[in-house]
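Participant: Below are the structure tokens for one structure; questions will follow.
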Amino acid sequence: MATCDPHPHPASRLKLAGTPPGAGPFSPVTRQDYRDAMARLGAAVNIVTTDGPGGRHGFTASAVCSVTDTPPTLLVCLNKGSSAAATFHANGVLCVNTLAPEHEELSRLFGGGTPPAERFKAGHWRRAATGAPMLVGAPAAFDCRITRAVEVGTHDVLFCEVVNLASDGAQDGLIYFGRRYHAVGSGGEA
Ligand SMILES: Cc1cc2nc3c(=O)[nH]c(=O)nc-3n(C[C@H](O)[C@H](O)[C@H](O)COP(=O)(O)O)c2cc1C
């Protein structure tokens, strides 16, 4: 199960506190300014799923990235206030399903406001090795166990060791940029 590690790694060479001499003072960055700037940072869209003792759930996520290939590890940022949060912590496993352009509607469905059972009525799912739902037709799927969770503000950063991979051969991907979906790989729009 995921645990919260509030202590920085002992080998960290980062100075985590304080402002360098000569820097600042900094004027506060508002939540809205931050969100507007993040809208200009394009990111791949994924559906992150889980299943296990806590039940089945899934949500759309763009805050997913690689941490290291040794051991193969990625991270997922999960809103602590979302309907999915408790389920992911209870299960300790998840599957990151990357999306193709034809998954735009599925992404909207998993983007909140719908009960989990409704979400899984759309799309084709099979059971990954961890038990998490894997999307048939995903360009790539990363089946993971959650090894650590670190709380940062409104979100939990989930560090996930990849235990299994799948790819259904889809060539094109789906990204979110400027608060809209875009197809990548073929030069087309979603
Ligand atoms: C394009 C897109 C990207 C999103 N990325 C994330 C993300 O990285 N992490 C996250 O916790 N929620 C993300 N969300 C929001 C969740 O999908 C979901 O709406 C939120 O967790 C609330 O769901 P709930 O109604 O089940 O509580 C994203 C939504 C969209 C549409």
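Just so it is clear, glycine is given a Cβ too, placed from its N, Cα and C backbone atoms.
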Participant: Checking feature assignment: region 'Disordered' per TrEMBL, candidates 1-26, 105-130. Which range matches?
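Facilitator: It is 1-26 that TrEMBL describes as region 'Disordered'.
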Participant: Looking only at the domain 'Flavin reductase like' (38-183), what are its DSSP counts of helix, strand and coil residues?
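Facilitator: With helix first, then strand, then coil, the domain 'Flavin reductase like' (38-183) has 21 helix, 71 strand, 54 coil.
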